[in-house]
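J.: Below is the structure I would like to discuss, written out as structure tokens.
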Amino acid sequence: MNNVLIITGPTASGKSKISIKIAQDNNGVIINCDSKQIYKEIPIITDQPKLNETFIPHKLYGYVSAVKQYSVAEWVNDLKREIYQTFAENKLPIITGGSGMYISSIIYGLSQIPVIDDNIRYQTKQLFNTLGNKEFYSLLIEKDPMAKRLHCNNSYQLLRAYEVIEQTGTSIFRLQEELKRKPLFDNFILCILVPQKQEVYKKINDRFISMINSSVIEEVKNLISLNIPNHFPAMKAHGIPEIIQYLTNKISIEKAIEIAQRNTRHYAKRQYTWFKNQFPNALFYESQDQLLKFISKKFK
């Protein structure tokens, strides 16, 4: 039976590096499951692999325009196409990235929640813009107490939960429990890389400085020139809001760096908790060496 290998973990945990090593040793193809690395206009700030520096096949990187609101369902369709093509070539698909919604769609399947009316989607967004995160979160909790499990700063999930309760009258979490879902693939192996937090935090800080020292400012300038609405997914990539604040003379570059580093560290911290809670049966590895040893035994 063909295996599907999934390598995930917090941002800056070394997923990309170890995936390349695994692909080299096992005739693999790396397939992206990072929801921001899909966008072709922002390769630097999303730390996309430099495909001209490796002979390992990489799929689903930098192939969607930032002007598009690309859905999880669309990604799943693209993923399945790449997986089956990889099987046809007798290669090992290595799904790599840290986007929780993408990983969940593989492990638990896509939600069968009804499509939201455009009018409800628009009204929800307008309400969110008027109230702001905290007041909108409080209103959501009144309508859907089960939404307390959401983080008040995760605007995407707050909007989604509100849209669903408005559309269906039922909590998104209740619907997820009641509507039958199944994994995309029965033969997946889920490995989660969880290095020491301080090691990851240092990499986050260093990586952002490296981006600033490259041409990331110019990259964000070009993104701004596209006049993309702020709520579009690409505009929320880590570091972009802070650099935009700098470019609009609201904060200094030093402050932009400080805030972006802090926000990304906080995101990584939440990822540690989220992965452990969502995927308790996954294989967790603190070091790349531990993971490589497992892979070498599994596929020898």
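Note: Cβ is positioned from N, Cα and C throughout, glycine not excepted.
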J.: Do you know which of 14-17, 34-37 Swiss-Prot annotates as region 'Interaction with substrate tRNA'?
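T.: Going through 14-17, 34-37 one by one, Swiss-Prot flags 34-37 as region 'Interaction with substrate tRNA'.
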J.: Within a 10 Å radius of its Cβ, which of these recorded positions (Lys15, Arg121) has the fewest neighbouring Cβ atoms?
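T.: Least crowded of the recorded positions Lys15, Arg121, by Cβ count within 10 Å, is Arg121.
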J.: By DSSP assignment, list the helix, strand and coil residue numbers for the region 'Interaction with substrate tRNA' (34-37), in that order.
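T.: Once the DSSP states are binned, the region 'Interaction with substrate tRNA' (34-37) shows 0 helix, 0 strand, 4 coil.
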J.: Determine which residues of the same chain, besides Thr11, Ala12, Ser13, Gly14, Lys15, Ser16, have their CB within 8 A of the center of the CB atoms at the recorded substrate site, and list them by sequence.
T.: Gly9, Pro10, Lys17, Gly98, Leu193, Val200, Lys203
J.: Could you tell me the C-alpha distance between Lys15 (ATP binding site) and Arg121 (site 'Interaction with substrate tRNA') in angstrom, no decimals?
T.: 35
